[in-house]
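According to Swiss-Prot, the features are:
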- 39-61: region 'Disordered' (REGION)
- 124-292: domain 'Helicase ATP-binding' (DOMAIN)
- Leu137, Pro138, Thr139, Gly140, Leu141, Gly142, Lys143, Thr144: ATP binding site (BINDING)
- 240-243: motif 'DEAH box' (MOTIF)
- 450-621: domain 'Helicase C-terminal' (DOMAIN)
- 765-790: region 'Disordered' (REGION)
- 1110-1148: region 'Disordered' (REGION)
- 1118-1135: compositional bias 'Acidic residues' (COMPBIAS)
- 1183-1218: region 'Disordered' (REGION)
- 1307-1344: region 'Disordered' (REGION)
- 1308-1318: compositional bias 'Basic and acidic residues' (COMPBIAS)
Amino acid sequence: MGSRVPIETIEEDGEFDWEAAVKEIDLACLKTTNASSSSSSHFTPLANPPITANLTKPPAKRQSTLDKFIGRTEHKPENHQVVSECGVNDNDNSPLVGIDPEAAKTWIYPVNGSVPLRDYQFAITKTALFSNTLVALPTGLGKTLIAAVVMYNYFRWFPQGKIVFAAPSRPLVMQQIEACHNIVGIPQEWTIDLTGQTCPSKRAFLWKSKRVFFVTPQVLEKDIQSGTCLTNYLVCLVIDEAHRALGNYSYCVVVRELMAVPIQLRILALTATPGSKTQAIQGIIDNLQISTLEYRNESDHDVCPYVHDRKLEVIEVPLGQDADDVSKRLFHVIRPYAVRLKNFGVNLNRDIQTLSPHEVLMARDKFRQAPLPGLPHVNHGDVESCFAALITLYHIRKLLSSHGIRPAYEMLEEKLKEGPFARLMSKNEDIRMTKLLMQQRLSHGAPSPKLSKMLEILVDHFKVKDPKTSRVIIFSNFRGSVRDIMNALSNIGDMVKATEFIGQSSGKTLKGQSQKIQQAVLEKFRAGGFNVIVATSIGEEGLDIMEVDLVICFDANVSPLRMIQRMGRTGRKNNGRVVVLACEGSEKNSYMRKQASGRAIKKHMRNGGTNSFNFHPSPRMIPHVYKPEVQHVEFSIKQFVPRGKKLQEEYATETPAFQKKLTPAETHMLAKYYNNPDEEKLRVSLIAFPHFQTLPSKVHKVMHSRQTGMLIDAMQHLQEPTFSEQSKSFFTEFRAPLGEREELDTGLRVTNDPKDLHSVRDLEVNTSQRKAKQVESPTSTLETTEKDYEESSPTHRYLFSSECASVDTLGNVFVMPVPLLFFPNVLESDNTPLPKTEKQHSCRNTSHIDLVPVDTSEKHRQDNISCKLKERFSPDGASETLETHSLVKRNSTRVGEDDVANSVGEIVLSSDEDDCEGLELSPRLTNFIKSGIVPESPVYDQGEANREEDLEFPQLSSPMRFSNELAGESSFPERKVQHKCNDYNIVSTTTELRTPQKEVGLANGTECLAVSPIPEDWRTPLANLTNTNSSARKDWRVSSGEKLETLRQPRKLKRLRRLGDCSSAVKENYPGITEADHIRSRSRGKKHIRGKKKMIMDDDVQVFIDEEAEVSSGAEMSADENEDVTGDSFEDSFIDDGTMPTANTQAESGKVDMMAVYRRSLLSQSPLPARFRDLAASSLSPYSAGPLTRINESRSDSDKSLSSLRTPKTTNSESNQDAMMIGNLSVVQISSDSRKRKFSLCNSANAPVINLESKFAAHAQATEKESHEGVRSNAGALEYNDDDDDAFFATLDFDAMEAQATLLLSKQRSEAKEKEDATVIPNPGMQRSDGMEKDAPSFDLGLW
């Protein structure tokens, strides 16, 4: 019975070994005595439940090769398509992947047209599929194809398996993923690249979702150690640049980690040079568990058909006398330290003249591992210091022999700065002399023989080869030489386009290149942007640097491994040439020695290295029951799509919290009626509707940004040929000009409500692409086309500029009483014929127009002002006279289409004396006029009074633009301007007054704010609207195409004007006025001269106030204070006359005139009579002052003098009108002074002589009387001349002046109330007030 149990159990197994069982039965029958014991002892294990355990381990003599790799299972898997693969041991760490039996019957080899079938590649691939293989092939012989085919077949065989391709750098990873795709077409949805730039959490997700991974060894090592990498699913590992697998490099750590897990893994290692020594190659085999070595070189019979001729040339370059001298000097430094080492017992085993830095390093390591016996421990430090000095010195000597004197000198200088070498050599005389010798040689140039030879080789090469198609690589092991080579190549000429290709690490002398820059350099090199690359060791391996025709090795003292890598860059598709530059002596000898050792290594690797190396067993991975047969397949490969930095398809969206609480039915309903914005993202196209992007959209309150304006300008510039006039006019009227928008003037814009425009219709003025023609006549003409007058749909119209309207905090709109009105007619200059079109009409259609002012406030309503246009037309050239009111408003008018045809924007200027009778002058201005003393200020170039002038109007794009221009121009009281035309003459009298501009506040919700278009650049000829006198300077005329001043000009603070400057300017520029001034008895003694001389007056005491006492009586004037008597640079004067048309903005009204504050406060403390203080207080701000005019006053003594009058533009326009009707105008042009001009209270006449020491009281008492006399008191001063102001102030007692000023101010407070009611009118139409208030402060701050 004991024997039946195992027999019955064995019968249950279909694969029972019957022969073994029969022998056992026979033995049991023969030994009947102990049959029970013998049978039970042998068959007892078979009766145990785990029967398959014994069956999987039968006696060794009965086993076949198949039993080593395949384990029997008791139950077959349910999936008949994939058979589970079990290892030798059944445990939890067994592989979790199964093999596809159908796919395992074949293995695929590509036969695409771009991938020719090569015998050596096919043979190596067949071997690598079934064993761990080290493939050693020279560069360019197709190692990547072998790896791609192996990866693809394992991808087919194991549907759940994962394949890893490891490369030492990120560029190589990206390069290999594309190469493998182009060879076998592994689907991209299964491939991914994992580098250090991928976060660990994302890598964990990718390890589960992908199957083919291209990684760096460092990332693979970290993921395996952290458990992120699913090692149980790995079936194939490809290692590129396998010669790095030494020591504890990541390749070695990864393989050790994987071998610790009981898995079956296929390893394929690729390299061009496994090593230069047998020990190194054996180390690679051990670290990577290699079973087979596949080695090929260019001389093998199966490789020769695919390798082109590669010519190797070794050129011996003489070291040079200079380098030889330095080498001998260095040897004198080396000898003492080598002798000391020998005395200590260290054996260097070679002549010290032929030693290399590497050999010294090996000797030091040997000494550290086994110190010399008998050597005292205290001497170990001396031995180490000698080794350190020799290593540095031999390295300097190597640089000297390989690269020249300059790299050697730079290294020596760096080492002598700090560190142990510097401390050891600080007192060494030989090293100091060596450094001095290097400096001397470098000062004389010290050309490197290698550089000269290299340039010669390059020039000869490009004479034979086409520089556009030929490529050259120059290898240098030292970065310093890369710089020298680049400098030398820059002197060859245009045929050489060189660039450097170096590593990422930045040194002290040369900055490294990032991987992005490296890829860009290689791409440009392939495209032909460069034809020469100067590379360090980074260009030797790995990267695909296309086929080159010539390889130049600038240094020959490199290992055979690296030399093979360099040589592999040429001779792939065409014949190649390799030139090695070796200096005579040590460098050439070292090169020859290393080449000999390389040839010996090749012999060891012959026939797979079976006689020289020990290999490791590896699993077959494919069971023996499957015998895969090759199947040549032509792949249809899709185009490779590089993956971006961010995978949008992997964007993880978090489910909203409310959806987690919904039922499935509610979620379905929500998805039915709600579109997820993440699914369909709106992508606004910037080129879909280009026409609409040339115009801004309508806005309310919130204006378009500056960036929007820039975009619109760019779109208009791109569509210039197709950009219509109508579109441009729409753009101009709606938001901003077609030009620059850096500074914009804010104004009001009328809404679209028809009730706001009862009798006014929007008129669109087209200005884009208008061209002005320059003619020879003094007045420029305007040329318009029919297209310019096309009428478009109504748009918004600017009714008022910012200077005419303001908005308070409650939203009430206040319109100033002096806006400007523009009609849709244009004035043609006399030399311009009217356009002969069908739409040509005269101006008679607008003979009478009612103007409706805009009023949005119930409390501030204004009466409608009616302007009558009186028009006379005569065919023979009779003149038409247009009389307009002085108070006009800017508005849009209802005109017919016929009027639009000939209109650009007409200015209607009216004059009515009745309207100006009620004007009142301010008390300060009254005193200002009476005294006749005003600060000197430049004016426009003006002719004589009452002269006829030709008035020109510029081409403007909109009334708003023209209004700002006109507001910037000066105007004159009671001035008639006659404009001559071919068909009509227009004579207009204008009394336009400048008014300080007000800041426009925010409007209420019912109003729209717009921006007044004021372009910075005009391309139309502009004439001076106030004067076209022939004596006018060009500085005051804006020529065609001339860029105007920017709107917000920086404030210019000038020094005060000196007394006498005005009078000297009048005398020199207007000799006629000087002659008419017969009161002057003598001329000036000395003229104002450039240089360092002071301006000297004769006898008169100058009333002068020095700004903060900068110029004393003994100080000299600087060169920039000299008076420029010939210049008209009025923009540099202290007082701004608003001469620039475009410089009048709202910001000017908001500025505080600190110089006016200073001037008033200073004069309020001076001991001058009250009339001078009042006059000084009447001086105006450079930001609010209007144009300067001259008034000829009739004197009682029949004297005539000129006194300056600044007419400020204030709301009190009636008083200003009366003030300006004093007499006839005489326009005087005053030249501008220098930039540092001091201000002085002076008029065109001389100041009176005042004895300030003795007559303060007398003048104080006579203040009121002198104020009554007004201009007469000033006339008597004309008989005096100017005197030296510095000498005058040298005699003043300022303390007494301050005391007297305090006394005078106290008297003024007591008399303030009486003076406030007293009004003295010296001339009809003028009023007088001293301007002192009841509660005036003791110190006048100058704020009004």
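Going from the start of the chain as shown, residues are counted 1 onward.
For all residues, glycine too, the Cβ spot is worked out from N, Cα and C.
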Starting from the ATP site formed by Leu137, Pro138, Thr139, Gly140, Leu141, Gly142, Lys143, Thr144, give every other residue of that chain whose CB sits within 8 Å of the mean position of their CB atoms, in sequence order.
Ala272, Gly568
Tally the residues of the motif 'DEAH box' (240-243) by DSSP class, grouping H, G and I as helix, E and B as strand, and everything else as coil.
2 helix, 0 strand, 2 coil
So how many other Cβ atoms are close to Leu137 (ATP binding site), meaning within 10 Å of its Cβ?
22
Other than its own, how many Cβ atoms are within 10 Å of the Cβ belonging to Pro138 (ATP binding site)?
20
Among all the protein chains here, how many other CB atoms are within 10 A of the CB of Gly142 (ATP binding site)?
19
Which one of these binding-site residues, Thr139, Thr144, has the sparsest Cβ neighbourhood, judged by other Cβ atoms within 10 angstroms?
Thr144
Neighbour count, 10 Å Cβ-Cβ cut-off, for Leu141 (ATP binding site): what number do you get?
22
